[in-house]
Amino acid sequence: MSGHESSYTPTNGFTKWLDKRLPIVRFANDTVVTFPTPKNLNYWYTFGGILAVCLAVQILTGVILAMHYEPNVNGAFASVERIMRDVPFGWLLRNIHANGASMFFFAVYIHMFRGLYYGSYKAPREVLWILGCVIFLLMIATAFLGYMLPWGQMSYHGANVITSLFGAIPLVGESLQTWILGGPSIGNQTLQRFFSLHYLLPFMIAAVVILHIWALHVPGNNNPTGVEVQDVEKDTVPFHPYYTLKDSFGIVLFLIVFAYFVFYAPNALGHADQSIEANPLVTPAHIVPEWYMLPFYAILRAITFDLGPIPAKLLGVIFMFAAIAILFVLPWLDTSKVKSMRYRPVARQFFFGFVAVCLLLGWCGASTPSNPVFPALQGEDALVVSYTQDGVEATSTYKGGGEAYVDAKRFMDGLPEDASPSLSAVPAPAFTFSQLSLILTFCYFGYFFILFFIGLTEKPKELPESIHKSVLKRHKATSATTAPAE
Amino acid sequence: MTEQTAQPLDETVDDDRRNFIHIATGAVAFGGVAAFAIAAIDQWNPAADTRAASSLDVDISKVPLGSEIRVLIGGKPFFLRHRTPAEIAEAEAVNVENLRDPETDDERLRPMQDGKLNRAMLITSGACTHLGCVPVGPAQGNTGEYGGWYCPCHGSEYDTSGRIRKGPAPKNLPIPNYVYVSDTVVNISL
Amino acid sequence: MKAFRILAAGLAGLSFAAMAHAEGGAAHPHEPEGGWPFEGAFGQFDLPSVQRGYQVYREVCSSCHSMKLLSYRNLGEQGGPFFDPEYPNPNNNPYVKALAADVEILSPTPNEFGDYDFRPATPADQFKSPFANENAARAANNGAAPPDLSVIVKARHGGASYIYSLLTGYPHEDAISTREVTPAVVTTPASDNGTPDDPTDDIAEVTTPAVIQTVIDVSKVHIAGHDAAEGEHGEAGLLIQPAGQYYNPFMAGDTTPQYEGDPRHAPPGGFLSMGPQLLPDRVTYADGTEATPEQMAHDVAQFLAWASEPKQTNRKSLGLPVMIYLGILTILLWFSYKRVWRKIEH
């Protein structure tokens, strides 16, 4: 590929013969062996390799699970439990697949934040970034479809909530929803089509991953300095063995975390209600998605007001999809010529704030919207006596501790018999998760727009001349600081 | 660190390729993949519930004299045939040496709990040893030329001991693993 | 970068902590004294306790609760309570066969006349369900179908501790009393349709005879594992049990509508249709263990924990070698990686 002459020379008769007909060995050699890679990539860059492993593991275990799974509303739940009980090593494969989804998202979020921090979305890597966003969208779709398959309570009611979002789209919404569900509600037909698509989408992800790697290899890797490669000899090392080994090291560290969940906490990331078979008549007390969807779920729920002709439900859907859609246009929102946040003192602070906003949105997504954010600061509930006096409904409020109850009780006893008083507790006004979500939603979108203005005004730090020089400088700095200790 | 090495990188790497640490790392990594492959391959084996369905207690007291019952165990057919004294005599009178798959009638029976053979009850697999068709027998009114079973697919003929006598099948109808749980109940397992 | 790492780790921890919330309204389940033997990275089931737990299930729970995902053979599989190394195939294990044959089931396959016979179960059969279907279960249990217990420990926040707490958490009989009320005096939500001017409602109140209510004196309810909060719930107040329902502080729900007292301090928990079951000596253990309610609850909760994940033993025993393997591979890769990079400035 460009900037990189093929260094492959076939060694024997067969490879020479093959190279003239299908240069697949040459292609593999140029892609994963000799590909010149900046030599200053840190561990945050190993997440690309980690994600490739995640995808391979999910496809492998998924194909195996499909051999035992039964996509039928009567048998789905039991067949998943059968995998856990009767299939040889089924418990292992299913725990890997179920926790693998979480690990996949964990890795992809770090991979995305790394791209945001080092400006990997900027020219000439816009297409690379957009392909990554397409992969992320496909991952969300795959995870959502797959979450339906165990046919637990959260599967059913979660899918119910999400598919009803499509119903919020004007004009076509209801038809679209019926079309997705294949009926008036989620049923056997829905489960079957979700299973079919859940099997298909990972291969589409794999296809886009190939494009993603292709798009990576045309401009080459970005790097923590954001300075492009100038001298291949000085600035880069061949991908193998330098980065194959570094990536492998990162992958194994990641696998330790993965294995911890698989072997010691396989249900920690799931929800107990998933172990109750789907029952359309009983909705769980709190519908929450898997943790990796929580920030988007929080944005969806944050919008509780109508905006002009747009009802709140549709507005929530618009904001939730916009939260992903805005990533697609990010290369053109960020106006700074400097890629890496290392050299952008102002934008860098906003980046850390953005990470915090995303995590806090996740917290909001997991919490009940009407609950107070700071229970410790929550004042005591007020007591309200509702009664009727002369045919008119009236209320009387009492605030305070135990004496308020005594007062309220005395007041109730003093009322005439036909007043039919009732006593209830009304929470004191507080800062709720619903309000916090709304603020955070605006912060989330605000970050992308603020990047536009920071890029125009910010005075970046001095950039290193080249990757090579920055490496040398860093080594001098560390040897200078460690010298006195010796 | 010293200044950047001037020599080409590839050479230093190649020199180092046989270093012990790299070989050890590669071997251990390969071992891990192989261990995972064991799990991924073992799951092709029958699951515990499938294995549990591969054994059956059958009450043989209800098999009518001169006829048979057929049972399915784990999806495979088995014949339980209540032979008449004439059929038993016929099975025992055969000169074993002339058979394609030489076996005496006694070898094709299993002892009861008291050690004796129940000659009236012949239990065989119900799949023709040629290509696995299910032969017809007394219940279908066709016992073939030798009084046992006849396979309609390619014309194999079995005698009253389930031995192949004519036709393309290479072997006698196999005897399954079975034990007499009592005088009237046999447990057949795959 | 360091600030970023600390911030990210802290916030990630916070959001995970937030996810691990207790089920709303109920008291937090507590472990039995001494904890569970199967907890932790090396924890294994206490098999004699699981065996006793099967006895409790069989003699007490199974009259209402099904366990459709289990078969009798599971009891004799490796890691199961009645596993015998002499019989790796549980279908041949005579003890498991006897346990199965102890139960008479309706054969799932028809006989030669097309009818379904009753016969003793075999190890391959599923656990017998007490009711033919959910409607029958609901009809026989006052409208509330008893949940299937196959994966109940996975299906409840708090797991085995929840089962244990619930079974032992019913209020002591000292706290329970009955009183006679005439509906005209006390208007409970159940007898008031909410429209004071509705004449039918008033007539119903006048003509309804006095009813016997079961009330619980909340000040006498001791919630195990919640000693610190005693004062909070120690206020005098009466909890009125709806007919056919039982108060339990560990049941998810809301007691406020049934609470006569300060609604801000309604006791935790809710009402369920199952009354206290594990009364002392409800079962007689063959091994001589005293059948106290705590002992029976402990045993049956452990049995249900095993039933929810029979492969837990395999999982943990494979986990250790995998972790050791990954540790070794990490160290080897580190040296391999450092060796390759030793001549490169990076």
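Glycine too: its Cβ is placed from the backbone N, Cα and C atoms.
Annotated features, as they stand in TrEMBL:
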BINDING   C:CYS61, C:CYS64, C:HIS65  heme c binding site
DOMAIN    C:48-211  domain 'Cytochrome c'
REGION    C:252-271  region 'Disordered'
SIGNAL    C:1-22  signal peptide
TRANSMEM  C:318-337  transmembrane segment
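Shown on the structure are the features that TrEMBL records.
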| residue | record | Cβ neighbours (10 Å) |
| --- | --- | --- |
| C:CYS61 | heme c binding site | 22 |
| C:CYS64 | heme c binding site | 18 |
| C:HIS65 | heme c binding site | 22 |
Residues within 8 Å of the C:CYS61, C:CYS64, C:HIS65 Cβ centre (excluding the heme c site residues themselves): C:TYR57, C:VAL60, C:SER62, C:SER63, C:SER66, C:PRO130, C:PRO146, C:LEU149
Helix, strand and coil counts within the region 'Disordered' (C:252-271) (DSSP): 6 helix, 4 strand, 10 coil
Local backbone state of C:CYS61 (heme c binding site), from DSSP in three classes: helix
Average pLDDT across the domain 'Cytochrome c' (C:48-211), rounded to a whole number: 85
